[in-house]
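Okay, so here's the structure we're looking at.
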Amino acid sequence: MFCCSKIFPRRFFYTGVAASAQSFPSDPTSRPSASYLKNAASPASDADVVRWNKTITAHMRHGRVAAAAALFHRMRRRTIVSWNVMLSGYLSNGCFPLAVRLFESMPRPDIVSFNMMIHGHVLNQDLASARRLFNRMPVKDTVTWNTMISAYARSGLVEEARDIFERTPDKNSITWNGVLAAYVQNGLLEAAQRLFDSNSNWDTISWNAMIACYVRRRRLPEAQQLFDRMPKRDIVSWNTLISGYAQNGDMAVARSLFDESPSLDVFSWTAMVSGYAQNGMLEEARKVFDEMPNRNTVSWNAMIAGYVQRQKMDYATELFEQMPCKNVNTWNTMITGHAQCGMIDQARRMFDEMPQRDAVSWSAMIAAYSHGGFSEEALQMFVRMGRHRDRINRSSFTCILSTIADIAMLECGKQVHGRLIKAGYAMGCFVGNALLAMYSKCGRVDQAHKAFEEMTEKDVVSWNTMISGYARHGYGNDALKVFDAMRMTDTHPNDVTMVGVLSACSHAGLVDIGINYFHTMHRVFGVTVKAAHYTCMIDLLGRAGRLDDAQDLMRDMPFEPDATMWGALLGASRIHQNTELAEKAAKRIFEMEPDNSGMYVLLSNLYATSGKWNDVDKMRVMMRDRGVTKVPGFSWIEANNKIHTFSVGDMIHPEKEKIYAFLEELDMKMKKQGHVSATEMVLLDVEEEEKEHMLKYHSEKLAVAFGILSIPPGRPIQVIKNLRVCQDCHSAIKFISAIENRLVILRDSNRFHHFSGGSCSCGDYW
């Protein structure tokens, strides 16, 4: 293969001569004839060389690199133009290695040859080689200097660009604009402004570039000052400032500039439509849109996006159907809009009807299924995307990792991790953070930490994910170690960080450490204490049995307690059997969230434990009268690349007989080793034997039993439950882990439990 991806546009072909009416020695659309090649062996006149050069150029323009090379190598006499024509042809057809080889064999490369090769190295992102050629050049022209300035500017090497600029002997407007671009493109506004002020001969393009840079940084006053100083404005100047004010939400000023502009084009009108739409002023946006003399695709998309953002899908659909020039962005916007409104079927229908898709299209559909709770469909879409050879982008990876985390499909997550590495995305923050969350939610906080250590970029979300991950797994000390490491970096803790730290202290029973962090977080870390931090502290004190301190803290808060805080107090009251306080907390919760079935169940459990069956019945009647239904508990486990779901007393699973028989064996072994069923958790006043039978087939026990039967020894059993694990199952799984010598990782709605050797990572502090 001679050619690879193109690095030079076709218009950059070097011919070395002006266009001529002379005919070529052969038809340029065909390969050179045998007689033509034979004539190349005879001495050639200047006119012959010119014709040969033209023919080589024609072949290169049509991508016939081999034919051009054959002609070139048969030439008996070549001029520097001949060499440069070949060099240009190789570069234009993406054959950079051949260009390098040819250049190195040139007897006397001229300034044009050097400039072409320097530009080739720049486009191949090899600045070091470009600089070496630059230093080798015996003579340089302005093009040479400007090429190097531009290369360094695009690569963010501002100091190098400035150094070349200072050494340029004959600076022209392109030279000045090149170094200005270096500052502007890299956000060095102050340096750009100093350079700008040092020269009074800037063209309008440079003024516009400076204004645009201030606009991008949302520094509208400075942009306005430059605009007012401009000696001559063009329509780009007006549009840049109009768009800046519109994007910044100052539509009054944008409208004033729009009305003052001496000329308006489609970009001026579109800037107003987009500005009104983005700021929720849909009536004003539609009025401008309807008044537009001409519309382009961007105009239509801006108006449709405005409706989509406000979830006015009827209006968006009406415009979509009228739009004469739909592009892939239009379809993607509509798919996203339908998905955000919960209209998954309509989103999928539009996806299937798209004439052309890009990576964003697939990502939008994956996100639609993921956020809608259709995990299996999201995974299938991700697989289809790979099969269609569409490049999977960061957004797709992030969505699918989130989906995998929700359903805890660890093996699938590992496969996606492998694809992440191949795509080169695993080390950055955007996808890396989703990877950390996936491993943490799949019960493998050790793998999450390994991925965390391998990340070359970490932001505050990365640190927070690891801290909260360790906290949920009950590894409070490890969470605090990560927090200490974070404090040694330039990343500052935020309110989410401190929620993770306090949660870690709560789950691990680190009461004094948690109290210290709570009282010093504002002074030491500059984090303002919020409701979430108070909730963590109420939970921390309540779990430790310091119920009076928890109530005192709630009374001293600068705001009224919410249902979450009362829920933490209710949970602590259940743990410490304080019925009076539990009733008080429950009463407040029922006032705020009358449909919160979990709180009814918590209080019922406390009544049942205390033998207050009349109160249990009252709670059941209250739930019935208020139309509150208890969320059914179920558990699921991944085995053999398939999700298996169980409910209490499940009789649907195809291997139910095998599972139940195995559970009976386990029950006998557990009783021999001292396990006593927590029958007080049963919310029915029935005989103890019947209570034991009811507890025996809870969903998490069925899932654990199936896991032991299906997953080879040595691999952990990972079970997910939608509710909190009950006290009896927690005790039973500790015994099972010892009897079967298996690691069981159970994720409930509140935290992780790692069962091994008869104990749990939570230390029974949950």
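Glycine residues also receive a Cβ, built from the backbone N, Cα and C atoms like all the rest.
The following features are taken from TrEMBL:
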- 48-78: repeat 'PPR' (REPEAT)
- 79-113: repeat 'PPR' (REPEAT)
- 141-175: repeat 'PPR' (REPEAT)
- 203-237: repeat 'PPR' (REPEAT)
- 265-299: repeat 'PPR' (REPEAT)
- 327-361: repeat 'PPR' (REPEAT)
- 459-493: repeat 'PPR' (REPEAT)
- 674-766: domain 'DYW' (DOMAIN)
Range from 48-78, 141-175, 203-237, 265-299, 459-493 with most C-beta pairs under 8 A to the repeat 'PPR' (327-361): 265-299
Within the repeat 'PPR' (265-299), residues counted as helix, strand or coil by DSSP: 26 helix, 0 strand, 9 coil
Tertiary contacts of the repeat 'PPR' (459-493), as residues 6+ beyond its ends and Cβ separation under 8 Å: 429, 432-433, 436-437, 439-440, 443, 445, 448-449, 452, 499-501, 503-505, 507-510, 513, 521, 525-527, 751-754, 761-763, 765-766
Residues of the repeat 'PPR' (459-493) by DSSP state, where helix covers H, G and I: 25 helix, 0 strand, 10 coil
